[in-house]
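One structure is given below, encoded as structure tokens.
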Amino acid sequence: MAERELSVAILAAGKGTRMRSQLPKVLHKLGSLSLIERLLRTVLTLKPHRCLVVVGYEQEQVRQALREYPVEFVEQAQQLGTGHAVQQLLPVLGGFQGDLLVINGDVPLLRAETLQALVERHRQVNPEVTLLSAQVADPYGYGRVFCDAQQRVLELVEERDCTPAQRQNRRINSGVYCFHWPALAQVLPHLNRNNAQQEYYLTDAVKRVGKAIALDVADPQEIVGVNDRRQLAQAYQILQDRLKEAWMEAGVTFVDPDSSSLEETVELAPDVVIEPQTHLRGVCRIGPGTRLGPGSWIESSEIGSGCHILYSVVSHSRIGNHVWIGPYAHVRPHSQIGDHCRIGNFVETKNAQIGSHSNAAHLAYLGDAKLGSQVNIGAGTIIANYDGQQKHFTEIGDRSKTGANSVLVAPLQVGSDVTIAAGSTIPARYPLPDDCLVIARSRPVVKPGWRLGIRSSRPQEPQPMPPGSLKIYPLRLFPGQDLKQELERLARQQPLQAGFVLSAVGSLSQATLRLADQTGDHLLSERLEILALSGSLCPDGVHLHLTVADARGQTWGGHLRPGCLIYTTAEIVLADSPEYRFSRQPDPATGYLELHIQPVAGDPCWPSPPPQPQQNQQTKPEADNSRPKSLQ
């Protein structure tokens, strides 16, 4: 007897209300593919005679998404249940005499082997319908399937209609059926909506069609349906677990599988190590012994053997063997990195070809460029490839080097064995022949008296401190003493003219601080270590900031306030300058008492009158040193 033809119907007309989305449920992505695309690719491996997709809600979006697949669309104008959806096939299939596989479009994890086993079982036993069931630990929410010892279906009961005893049954209905179409076609017109949902149920057709048997799926995770975002996330986790388990069996290490992800289009060689927080997307091929991550994103790229990519992004590029990338590098599309190269921290490449044994270790932009072998790019080198209208190309020959903070304005041709001095800006199209040193920077210009011209806008100017003029006051405070009160007392008794803190260590049993942008005091009632104490001291008062750390290593800092009590000791070194006199005076700009600095001899540092403009002075024109000088 000839094998019956197989057709497939995928039910994809529903809105998916629980997804709370304008996008049809079946078009939500699970990894790189939509739910229905994943199912469709599995179904097409069965090579069905016809593949029918029932569409309804936002059907144009579904039709557009599946336009490249060999499917036929059947419209369900009103969504009146699964039975109603299959009724729409009656005029389409007509006199079809084969089997019809019916699957909901939101079951993306079915394996081809499972569907093939369902069809084969159906043809061996030859019932009117074979349904796919599963034994699960928690059947809540699913309709139950009741069978005899020969797996013949005795009854199908929806969850809401189950008695307490029936709810103990752990065999559930997956909603996947293989019907003999002529038998199904006879009962479809007789379905009714005599139920709470006022819908046509396909399960009613199963009950009416005749002999029905069940086949348990080996892995219940295959029949997980996606009805909301939570279930979408669960399905994604199952998909990831499948992929990672397969690659680990093939010799790939996932240091923390739960924190990494990849897609089916990724190809990993043995001894690849995937560090935590690393994600691979698109068509990727990774060579043996390469370590990816932690914290890296690889997209549609080919990476050779023995590479390490650390905290970096590589997109649509090709990386050679034994290449180090990162941390924090960005290899943008159309980059080609040769063998034994280094692309270091904060280096960005775009449409760049970099020859073997070349390095860009840090802080560089290499866009629209071709670098030879053994090229060294200094820190801060920028290839200025865009003129505001179009991109231009730069080529650098073998063994050439750029100094720190060099700018190469494209288009530019740099020969081999060229050294570009630090700080040079090379204009576009400037000739740089082989084996030359190029220096393209201006000579320094020194303008005496410059600070006087800006003093009025900078009211607090530091003054030179004559060597050996400081007076040093070391002191130790004892348990229970108040840190601020003792320092204020010392500033008054000495008295300190222009005091400040050189160093401070010790411990506190409690600390009182005024934190940034706060008006009240903050009390820390625990033992603390003094990390830093800084500020000024004078007879008018002290202005000190304190930083402390607790037993967990958490730090606190703010204005020193009364209530900072010594726990074991405080060892403090103060200094006083006899060359100046500090005081606290109202500042009209801030409204607070601020530091006023008065040299012992001379005018106050601030405020001071603005400088008078000098008359009849002409500036001598400077020489034009902007053009580069090449030294052959």
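Cβ coordinates come from backbone N, Cα and C, glycine included.
The Cβ of H362 (active site, proton acceptor) lies under 8 Å from the Cβ of G344, N345, F346, V347, A379, each of these being in the same chain and 6 or more residues away along the sequence. The active site, proton acceptor annotation in Swiss-Prot covers H362.
Within the same chain, residues at least 6 positions away in sequence whose Cβ sits under 8 Å from that of L11 (UDP-N-acetyl-alpha-D-glucosamine binding site) are V54, T82, A85, V86, V102, I103, N104, G105. Swiss-Prot lists 11-14, K25, Q76, 81-82, G143, E158, N173, N227, R332, K350, Y365, N376 with the feature UDP-N-acetyl-alpha-D-glucosamine binding site.
In the three-state DSSP scheme, D106 (Mg(2+) binding site) is classed as coil. Residues within less than 8 Å, Cβ to Cβ, of D106 (Mg(2+) binding site) and separated from it by at least 6 positions along the same chain comprise G14, G16, K25, V26, L35, G225, V226, N227. Per Swiss-Prot, Mg(2+) binding site is recorded for D106, N227, and the stated evidence type is similarity to another entry.
The annotation acetyl-CoA binding site is assigned in Swiss-Prot to A379, N385, Y386, A422, R441. Just so you know, the Cβ of R441 (acetyl-CoA binding site) picks up 17 other Cβ atoms within 10 Å once every protein chain is counted.
If you look up Swiss-Prot, you'll see 621-632 marked as compositional bias 'Basic and acidic residues'.
According to Swiss-Prot, the feature region 'Pyrophosphorylase' maps to 1-229, an assignment based on similarity to another entry.
For 230-250, the entry in Swiss-Prot reads region 'Linker'. Residues 19, 28, 30-31, 108-109, 221, 224, 257, 260-264, 266, 268, 270 of the same chain sit 6 or more residues outside the region 'Linker' (230-250) yet have a Cβ under 8 Å from a Cβ within it.
Under the heading region 'N-acetyltransferase', Swiss-Prot lists 251-632, citing similarity to another entry as support.
Swiss-Prot lists 600-632 with the feature region 'Disordered'.
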Does DSSP give A13 (UDP-N-acetyl-alpha-D-glucosamine binding site) helix, strand or coil? coil
Under DSSP, is K25 (UDP-N-acetyl-alpha-D-glucosamine binding site) part of a helix or a strand, or is it coil? helix
Under a criterion of Cβ-Cβ distance under 8 Å and sequence separation of at least 6, what residues of the same chain contact A13 (UDP-N-acetyl-alpha-D-glucosamine binding site)? V54, V55, G56, Y57, Q59, Q76, Q79, A85
Do you know the DSSP helix, strand and coil residue counts for the region 'Linker' (230-250)? 20 helix, 0 strand, 1 coil
Model confidence for the region 'Pyrophosphorylase' (1-229), as mean pLDDT, reads 93
Compare the Cα of A422 (acetyl-CoA binding site) against each of the binding-site residues G81, G143, N173, R332, Y365 and report the nearest. Y365
With a 10 Å radius around each C-beta, find which of these binding-site residues (G81, G143) has the fewest other C-beta atoms nearby. G143
Rounded to whole angstrom, what's the largest C-alpha distance between any two of A379, N385, Y386, A422, R441, listed as binding acetyl-CoA? 22
